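Trainee: Below are the features I grabbed from TrEMBL:
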- A:66-83: transmembrane segment (TRANSMEM)
- A:95-117: transmembrane segment (TRANSMEM)
- A:123-143: transmembrane segment (TRANSMEM)
- A:150-171: transmembrane segment (TRANSMEM)
- A:200-218: transmembrane segment (TRANSMEM)
- A:239-267: transmembrane segment (TRANSMEM)
- A:279-296: transmembrane segment (TRANSMEM)
- A:308-326: transmembrane segment (TRANSMEM)
Amino acid sequence: MSHSVTAHGAGKLPRGLAVGLALAVLFSGALFSLATGGRSDVGLTDLWAPEGIAATVIYDTRAPRMFAATLLGLNLSLSGLILQAATRNPLASPAILGLNQGAALGLSLGLVLPLFSGVPLQVMALVGAFGAGVVTFAISGGFTGRMDSLRLVLGGVAVGAFSYAMVRFAFTLEDELARSVVRWTVGDITDIRWPAVRRLALWGLPGLFAALALSQRLNLMALGQASAQGLGADSRITLLLGTLIAAALTGVSVSVAGPIAFVGLVVPHLAKLLFGGDHRILVPVSALLGAALMLYADGVSKVLTAPVEAPVGVVVALIGAPWFLWQTVFARDLS
Amino acid sequence: MTRRARITLPSLVLLLTLAFVWSLSVGAVKIPASVIINTLFDLDGDQQRFIINRSRLPRSLLAVLTGGAMALSGVIVQALLRNALASPKIIGINSGAALAVLLGTSLAPDLALAWLPLVALLGGTLAAGTIYGLSALRPMSPERLILVGIAVGLVCDAGVDFIMVTASTFEISAPLVWLTGSLWARGWQHLSAVWPFLSLLSALCLCLFFRLDLMRLGTSQATALGVNVRLERFVLLAIATLLASISVSVVGVIGFVGLMAPHIARQLVGGRHGVLLPTAMLIGALLVVLADATGRVLVPPLEISAGILTALFGAPFFVFILLTSRMETRE
């Protein structure tokens, strides 16, 4: 299968080394996340043989949070990678295309409307994200033929603005929810415990395998619509499957931590920069790098404004928004 | 003035007056229109008079002023970029102003109300300058300008979020309402802080209609007709930024008004700025007054922020323009 590798420019590092490096970064990120927190007396040295209060802090508070950050990073960066490949647009990501906001809308409808009270919240979030994605792609012409870069982003902004207005509307009606809405809308994992981690894993790991299964189709997308079709992969089906997987991954993430933006935008770029354009390697590497980024962001969020914690979503946005700006200024296919 | 404009302008004035009276009458306490007319013309009154004079009248006046200002700003931005999708919000001016005001109020809580328009102005100008400068790094195109504008807006939003979440809960409740674009708790003191600027700028803007007509011809034609395009563009953009950011400083980000009003106006009276500007201004005022009043009617005694309602209508409207304006955006 060397053709797809050469078609995307050869990978810049051997595959084994690439994954090894990403793993090392991930591991140090995990240590950083575990070693920081509200109690500054529990640090790196307590990790090996935790006793007493340190054990409680690490097992019950920091460990679930660490795993949640890992899985969120995995989910969101894969979601972004799939969307970027399926739309062939470097600006695509769950937040820019409105998937995050759509998931938030589905979630708040599930919370507020008695009609949906029987439906699990993750499913509501998935449906919302998928709906938002389909609307955005329909606006930008994705299901008919050529997808327009500007339309894709503008459509996503419009869908996102609409969904957010609906979310705020719903929260205005529910006083109880309004209180936590500020932290939640920027993405917060402070209060995560083990059940939420299990939910993330339950959706994220199958999502990872689905993304691996889709990776060859994503490679074909890069060759252009006609070539992809010629090689037996209808780009519309790839787009639809990709949107479904991305919506599932985004949906469960939003239902646990709120809409965290920009992980899905930054990480795939970083991965492509380091490891070339083959999606069979990009999928696992993006997952690892996304997890690592979230772990570092989690650690920074605990340190940055100590003793008050900044939600991890804000930390990511402070890194990711300038990155997006950079992309729009220097992306080649826009002028 | 065409026949259409002769019909449209007076009917818009009438509509705005009706909406204004309606806006004064609705809210947690309903007040019949007859009482409102009595109060406005100082005939009689009691508790209702208090509500109208203290709360609803300044609020509705602010809605008229800021709605008109946002619409004018939108007309200018669309004429300058020659793009139907542009608006002060889309190109990030609003977010820049919001960030500056939030920074100002969190760094200096005792800041006098009168300074807020200036702070907002600074933020909006910085954002607009950044967008313009960054887009000029590469061959300038309307597409790139809009995308860079969105990105700068996102950077500012990230900053806003950061300030909001690190502030204590007690401090954020007021800015939170303000950020979603609301006229809640706006009173005479807010009105007096901005009305001189806004009415002056609006009047100035209305006088500049012929320059906008020239700018719409495009750079080369305008130059051929003896226009100093760079200077004109700078002056006009400055006015648009001023109008949008001063509005943001009092009522927050009421999105999509600067986008919708110019479009509706163009459908009604055509593209000549002599009539387009006043029409758009009236429509913008109408939209914000209606959004504010509707927000009070829907679920009393709760209030839905005007910005939420304009976004609910504005976003689908935006998509509609996006789908129908393919020819116009591809020049």
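All positions are counted from 1 along the displayed chain.
Note that Cβ sites are derived from N, Cα and C of the backbone, with glycine treated the same way.
It should be emphasised that the depicted structure is a prediction, and the values quoted were computed from it without experimental measurement.
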Trainee: Cβ pairs under 8 Å only, please: of the recorded stretches A:95-117, A:123-143, A:150-171, A:239-267, A:308-326, which one is richest in them relative to the transmembrane segment (A:279-296)?
Mentor: A:239-267
Trainee: Of the listed stretches A:66-83, A:95-117, A:123-143, A:239-267, A:308-326, which one has the most C-beta pairs under 8 A with the transmembrane segment (A:150-171)?
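Mentor: Stretch with the highest Cβ contact count: A:95-117.
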Trainee: Which residues, given as numbers and ranges, are at least 6 beyond the ends of the transmembrane segment (A:123-143) yet have a Cβ under 8 Å from it?
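Mentor: Cβ under 8 Å, 6 or more out: 83, 87, 94, 97-107, 109-110, 116, 151-152, 154-156, 158-160, 163, 236, 239, 243-244, 246-248, 250-252, 254-255.
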Trainee: Taking the transmembrane segment (A:66-83) as reference, which of A:95-117, A:200-218, A:239-267 has the most Cβ pairs under 8 angstroms?
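Mentor: Ranking A:95-117, A:200-218, A:239-267 by Cβ pairs under 8 Å to the transmembrane segment (A:66-83) puts A:239-267 first.
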